[in-house]
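What follows is one structure encoded as structure tokens, with my remarks underneath.
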Amino acid sequence: MKCLKHFRKFSTFLDLPKNTHQRKKLDPIPLPHRTISEPKGQDLDFVNVAHSHLIHSDWSKLENLASGLTPFRVKHILLKTQKDYVLSLEFFNWVEVKNPNSNTLENHSIVLHVLTKNKKFKSAESILRKLLKSGCVEFPAKLFEAILLSYRMSDSSPRVFDSLFKCHAHLKKFRNASDTFCSMKQYGFVPTVESCNAFMSSLLSLDRTDVVLGFYKEMRRSRISPNVYTFNMVMSAFCKLGKLEKAVEVLREMENISLKPTVVSYNTLIAGHCNRGLLSVALKLKSAMEKNGVCPDSVTYNALIHGLCKEGKLHEANKLFSEMKRIGVAPNVVTYNTLINAYSQVGNSEMGSRLFEEMANNGLKGDILTYNALILGLSKEGKTKKAAFLVKELDKANLVPNSSTFSALISGQCARRNPDRAFQLYKSMVRGGCHPNKPTLTLLTSTFVKNEDYDGALEVLKEMLERSITPDLGMLTEICNSLLICGREGTIIKLLQEIEARRLIPEGFDKATIISSMD
């Protein structure tokens, strides 16, 4: 994304003064006071007449004045109606239709002041979004300046800048958001914690954890008090970086300032530890949350069950599955998919089928992940007919086979030593717009080799090369050695030349030994 290159700018947060003594040197810049010329003559008459029609909601008479609208006149009408935000917004929207050129940046700013002063933040953000989507690079700075210059004349509140900052955050315009934050501080304004949270949330959605933590530090230096949502995002950032001890410290910090951690707080830490294989700590965190009166939910159990399944601890995962049902936490599709996939991976398709049946009895519809896991389990056991039957069931469930579906079917045919049938499935996969991965093509090649069908293996290798996939070291060595035994030195030379030309020679491949064996 283009915006990512601007994150370096955000490092300025880390360079700002870090102690009170330094901060005192940076007194806020005084707000500019712009004097505005009052309407006279025809302008004054127009403003008074239009205002009178407006407060009496006489839109038919206003229609007759539309041709006389000018930015100057619109500005003064907005200023006269600013105590009635409904009227101001109605007039602003009417001008947008009748004479949009009269709604200058300054007039946009005035209506933004009116709306934010009256806490109509959604209406203000709607106007801001429309403005900011203009695409002009210099525009955000001009908008901030226009809002600043009209601040005093509109008797505004700091929430107008807060809305601008939050809107940049929601639009993922991070450079503009950081510029707005710094400019606000220069004039003695700071955003609300809710806007800061919106900014951090947008950053986390792009995995910019480093910037999230840098901004959090600046929040604290700016004396913006974090809330539970802030702490949850900071914990998430630390977990994504693998700094789990730091994440737990944040939980302790929450408790020290009498903020009660939520189920999301604990779930974040539990998932973070499960992802790193630290299941004992994750289970202790579950016990701690229960002790502190926070009830685990399906997200808690799903994270723990997934972590246990990943470590091959299916017995412990099943115990947690039984526990969640016993205490009234309903398993969802994610829970069942995790367990079905785990049993399928170990070749226990019977248990996977039982879970699928239980899932249906509980009113849950399987998704493509459910069916793929079941198909994989059956394929691993060589039950290709049952797997093919499930593929037909996909259409009834309004699901479309994907790469994983075909890979599972191909693995089933390979398990039965039917590489020709597997290759047909591969071709169907490609025709359907699905992309095979390296493990699937490697398995297919290996099966041809086991059947001593080297032409078939070479055909799959050719497919790998065309997709710029580096062949597996062991497989390539085995093919070359097998072709040597068959006396097909010319085929080997041609194959290696093509692999070298595409720069797809696997690391560690001993070409010299292969060539010397031909002598």
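Every residue gets a Cβ built from N, Cα and C, even glycine.
As annotated by TrEMBL, repeat 'PPR' applies to 157-191, 192-226, 227-261, 262-296, 297-331, 332-366, 367-401, 402-436, 437-471.
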Residues of the parent chain within Cβ reach of the repeat 'PPR' (367-401), under 8 Å, 6 or more residues beyond its termini: 333, 336-337, 340-341, 343-345, 347-349, 352-353, 356, 359, 408-409, 411-413, 415-416, 432, 434
Mean of pLDDT values spanning the repeat 'PPR' (367-401): 91
Other parts of the chain folded back onto the repeat 'PPR' (262-296), taken as Cβ under 8 Å at six or more residues beyond its ends: 228, 231-232, 235-236, 238-240, 242, 244, 247-248, 251, 254, 303-304, 306-308, 310-311, 313, 324, 329
Chain residues in Cβ proximity to the repeat 'PPR' (332-366) (below 8 Å; excluding those fewer than six residues from its ends, i.e. six or more beyond): 298, 301-302, 305-306, 309, 312, 314, 317-318, 321, 324, 373-374, 376-378, 380-381, 383, 386, 397
